[in-house]
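Peer 1: Let me begin by handing over the structure; questions about it come next.
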Amino acid sequence: MALRELKVCLLGDTGVGKSSIVWRFVEDSFDPNINPTIGASFMTKTVQYQNELHKFLIWDTAGQERFRALAPMYYRGSAAAIIVYDITKEDSFQTLKNWVKELRQHGPPNIVVAIAGNKCDLTDAREVPEKDAKDYADSIHAIFVETSAKNAININEVFIEISQRIPMSDPGVGAGKGFKLRRQPSETRRTCC
Amino acid sequence: MDEEQQDREQPETVRCSHPESDCSPDATDSLDAAAAAAAISSHDPSLSDRDCGTEGPFPGKSAGIKIISSTNGPVEPDLQGPGGEGPSERTANHSEVSVGEVNGRSRPEGAEDEEDRPEDVSDSASTDNTLEDSSEFVVTVLTRASLEDQADGPSSEPSGLSQTPPPSNQDEDVTAESWRQHRKHVFVLSEAGKPIYSRYGNEEALSSTMGVMMALVSFVQTGDNTIRSIYSDEHTVVFMQQGPLVLVSVSCSRQSEQQLRAELLYVYNQIVSMLTQASINRIFERKKNYDLRRLLAGSEKILDGLLNLVDSDPSFLLSAVHCLPLASALRDSLSQILQKAITPNLVFSILIAKQQLLTIVQEKTVIEDARLEPADLHLLLNLIGASSAFQAGEIWTPICLPLFNPDCYFYAYISYLDPPDCTVCLLLLSTDKEAFYAVAECKRRIDEGMRAQNALSSIAKAHSYSASQVGVPDLRHFMYKPFDVPDNHRQLTQFTSPEMEAPYSSEEERSRLLDLYRYMHSRIHSSSRPLKLIYHVAERETLLAWVTGKFELYTCFSPLVTKASAINAITKLLRWIKKEEDRLFIRSPPKYSTTPNPSKSSRGSKGASDRPDGSDNGFLSLL
């Protein structure tokens, strides 16, 4: 069976649940007291899609502002980006729009964008109406789902949809991403010593 | 003495010095004072029963001795005061200290007073009124700042404040009594008075308190002076300014000002490790009232974790790294595995188990320019401990090592080698931001190497040792820190210490012993009267601390030990350490060469860099 590597990065405000989504997907577990991610965390998971194996190389980035400048390193060369917001925080939806803008300007041209409205189990505290988000996602041709890492709602589905949207057997996306990343010229490079 | 009486009526102690004065904690290391000649300073046991008063209740009301102290001199006020009058006044003061003790004051604080008072007197006499004003100002504002109970003294406070601090919580009610009773508060604020961090409670809710703190700092600053500390009966308030940040410690732990200052420096350095000093300075140059919490959001747990470690781990007190004891053959083979897995721009490969160092391999040319300081390693260890997310995958994060270079980032690769147990952690530091995949490849090679030698199970068997292994019956615990010798100055400062066993197996007893060690440390490193040797009979144990040019040693004996047998025991202990040093310490951290020369020459240079200076290691050449 053919193995394809798909680099996926998660972007979004701090505390919206990016790491929780990844944990649910990779380990099928949930920790309500998870510590904020530092820098970025790299994990892989291989799933079968039709007659291919898709190995997701997942970059779970930190949402904290101080790591913002590092984001290009992670979305560069990505086949897909999952931008996460918290349906109970209007601000995080605004941040999401900024991420979309940034990806449009600086991201890879054919990147698949998925929008995930996380914490959909907390409907009582909802601030972002599902329809608004859905309309916005449609306007930018993005995948849209509301998810709950806590209750394992729609987590696997996001990744399945990404698998569907990735063009079939495009060797440029699949192979050798690590090297691709390194060959790119780096902006605002600060080296020590 | 009249002046002194006067001063004692002043409600608060304010210690000031000129801005240029350096508040580096290292200053305490100089042991120049002739007064400290290697004589045994032993306390009269009857008094010393109260020496370890940190654990006991404070019966009755204290005498409420409060002082103003200010200095115009640099660094340490205490030796520069009134010259010849010093000694006699000191003698006189001894009696007052004991009065204090009778009244239930704990010795450590009493001792501080004893040293400070003479100079306080003459200095405040020689300075103008502003200082006296400022002290009143201090009192009033502190009162308004809802710190009044702490500042006014312990009269109505329940005893044993420090015993059971409630669990820490950022959402804690800052007006509650329980908030005030925390043993040690730490606040960080910007020069504009904006809250940046508080150990307990929400910064927002504390903005007025922090405003008052900044008011204090600027008030003293307008007099061309710098506020260093405020003493009250129960609390010590220490101020430290680092660039555009002001750090404040409010503590009833009875630690010395120097120790508290060193802890604040750790906090500052941890912040620098996240943002770099250059960018902190740049941010505040551009916008004085910037809210730094924007950049630190989500990182509070790292600072919380640091402060908890500072309170519970003696590595911070000793500024040294704790190594896990390991057969030297095993340690060498681990080092060789790390040495073989290199990639361009890799500068440090570090292996950690149980929060202790297993081995560290360093880049040759980098380490020639600057050394890795224990404090930087502590910050890294804290970073690893503060994130559970690390256990899931491989982490790639920028991190600055403030003592190595405060202005730029390393990129740290962090991964556990034994998931899901997550006890053995690999830390690889590179200078290349884009090197993740190359560095991750090093980890695979290290993984393979470890598996081939079954190293993980050997590491799992490694554990700390018991004090009883030394074979000295009365010895309960010790901490031994060998000093670098000049021709070996790139050696990482380390210390060794056995497990804390009965009677120090409970949390309370453990922290009581650490408090005693802190007290001994503060006496040894007292800037006014440093000691080389101190024999201290406490209520439930006897401690002996000894510092020489070669080592610093703290020992804890059962209370029935005699002075002669303790000295005898120490000789035996030193001989034991000498015998075991290969196991207890990393004798010569191995090196590799990864100079940005991306040919595959790494293997070749490895042989040459393999323990090039194993012989000039002056470790423990004492006996």
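Using the three backbone atoms N, Cα and C, a Cβ is placed for every residue, glycine included.
When I checked TrEMBL for this same protein, it listed these features:
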| type | residues | note |
| --- | --- | --- |
| COMPBIAS | B:7-21 | compositional bias 'Basic and acidic residues' |
| COMPBIAS | B:111-122 | compositional bias 'Acidic residues' |
| DOMAIN | B:184-306 | domain 'FUZ/MON1/HPS1 first Longin' |
| DOMAIN | B:345-446 | domain 'FUZ/MON1/HPS1 second Longin' |
| DOMAIN | B:475-581 | domain 'FUZ/MON1/HPS1 third Longin' |
| COMPBIAS | B:591-604 | compositional bias 'Polar residues' |
Peer 1: Give me the mean pLDDT over the domain 'FUZ/MON1/HPS1 second Longin' (B:345-446), rounded to a whole number.
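Peer 2: PLDDT averaged over the stretch: 90.
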Peer 1: As a quick check of your reading of DSSP, tell me how many residues in the domain 'FUZ/MON1/HPS1 second Longin' (B:345-446) are helical, how many are strand and how many are coil.
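Peer 2: Counting residues per DSSP class in the domain 'FUZ/MON1/HPS1 second Longin' (B:345-446), I get 33 helix, 36 strand, 33 coil.
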Peer 1: Go ahead and report the DSSP secondary structure tallies for the domain 'FUZ/MON1/HPS1 first Longin' (B:184-306): helix first, then strand, then coil.
Peer 2: 59 helix, 31 strand, 33 coil
Peer 1: Helix, strand, coil: count each for the residues of the domain 'FUZ/MON1/HPS1 third Longin' (B:475-581), based on DSSP.
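Peer 2: With helix first, then strand, then coil, the domain 'FUZ/MON1/HPS1 third Longin' (B:475-581) has 40 helix, 29 strand, 38 coil.
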